[in-house]
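Asker: Copying in the features that TrEMBL gives for the protein in this structure:
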{"type": "TRANSMEM", "residues": "12-37", "note": "transmembrane segment"}
{"type": "TRANSMEM", "residues": "43-63", "note": "transmembrane segment"}
{"type": "TRANSMEM", "residues": "84-103", "note": "transmembrane segment"}
{"type": "TRANSMEM", "residues": "109-133", "note": "transmembrane segment"}
{"type": "TRANSMEM", "residues": "140-160", "note": "transmembrane segment"}
{"type": "TRANSMEM", "residues": "172-193", "note": "transmembrane segment"}
{"type": "TRANSMEM", "residues": "205-231", "note": "transmembrane segment"}
{"type": "TRANSMEM", "residues": "251-275", "note": "transmembrane segment"}
{"type": "TRANSMEM", "residues": "282-300", "note": "transmembrane segment"}
{"type": "TRANSMEM", "residues": "306-325", "note": "transmembrane segment"}
Amino acid sequence: MEAQVSNSTKMILLVLNCLLLAIGNCGGPLIMRLYFIHGGKRIWLSSWLTTGGWPLILIPLLIAYFHRCSSTTTTKLFFMKPRLFIYTAVVGLLTGLDDYLYAYGVARLPVSTIALIVATHLAFTAGFARLLVKQKFTSYSINAVFLLTVGAAVLALHTSGDRPNGESNKEYILGFILTLSSAALYGFVLPLIELSYIKAKQAITYTLVMEIQLVMCFFATLLCTVAMLINKDFEAIPREAREFELGETKYYVVVVWSAIIWQFFFVGVVGIIFYASSLLSGIIIAVLIPVTEVLAVVFYHEKFGGEKGVALVLSAWGFVSYFYGEIKHSKIKTSDEVPQTEMAAGNTVVSDHA
């Protein structure tokens, strides 16, 4: 982490990344579902759009590069070392596979059901974070995971009537299973990103984090591109655009904004992992699930029963519990560091007088 950045600046950047994650996490599935509701059928195309906006990351990277050039005569264009590049590429391929599993679920299930199933990723994230990066749990973080998991279980009470009209039971079940697999895989990917920071064997700065995001999304998109070529999706896009219920122009608007909004999600995720932890990113994603549910009710007129209201309260409670624990832990850590700093300063004064 960049030593020059103050704690207050880190907090501001953490909040900014939380906002980016919120926009991507809530807007991504809604606009993806919009594509399928109005005649879109290409699952690999939807998967491709999830990370296909990766060139947008070049903008802040180029700005950072030219800023470095203005302050020094020699600077690197790319900080990532080969070891980290290979590691990140593997994570990217796993992300591409996860994108397909998720897109298949969105094609078959309502947004509210998708949000419910994705909530299970929190348990997977917590387990893999403990296994891969030795994530320490406090009573507050355990309480947050418990409350958010219970919230997801409460949401499960309303899913019996969620199957879309005209969809077979087999398609619905397969969509459910693949979405659950997506949640499990992404619960593995989040701690894997954090582990890549630890195993990088080089200083991790936010510029490097953006490079990691770029490489990860590039290889995820590469996997989806190969699959689209095999499936002849690129050839089908013009025809699908002409047949889109909202019109050809709006088809391309939906496609472009889908790529942009999903980039907000990925930038937010890697930023939160950098400034906090993979567990926090998982908790925030879980907290946003009821928000996505409410937006699905507003835009797609999905049902909002008492179960969703209870889940919303439980999620908010879990979110507050986690951050209260983090603030309390930060204060304890600061109070412990102050006496040590004063002692070190006292020893320095004695040495100077000697």
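Every residue number used here counts from 1 along the chain in the order it is shown.
Glycine too: its Cβ is placed from the backbone N, Cα and C atoms.
Explain the structural surroundings of these features, please.
Answerer: A Cβ distance under 8 Å defines the sequence-distant neighbours of the transmembrane segment (172-193), meaning residues of its chain 6+ beyond its ends; these are 91, 94-95, 97-98, 101-102, 104-109, 113-114, 117-125, 127-129, 131-133, 135, 163-164, 212, 216, 269-270, 273, 278, 281-282.
Sequence-distant contacts of the transmembrane segment (205-231) (same chain, six or more residues past either end, CB-CB distance under 8 Å): 1-2, 13, 42, 44-45, 47-48, 50-54, 57-58, 60-61, 64, 78-80, 84-85, 88-89, 91-93, 95-97, 99-100, 193, 196-197, 263, 266-267, 270-271, 274.
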Asker: How about the transmembrane segment (43-63) and the transmembrane segment (109-133): do they have 3 or more C-beta pairs under 8 A, pairs 6 or more apart in sequence?
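Answerer: No, since the transmembrane segment (43-63) and the transmembrane segment (109-133) share fewer than 3 Cβ pairs closer than 8 Å, they do not count as touching.
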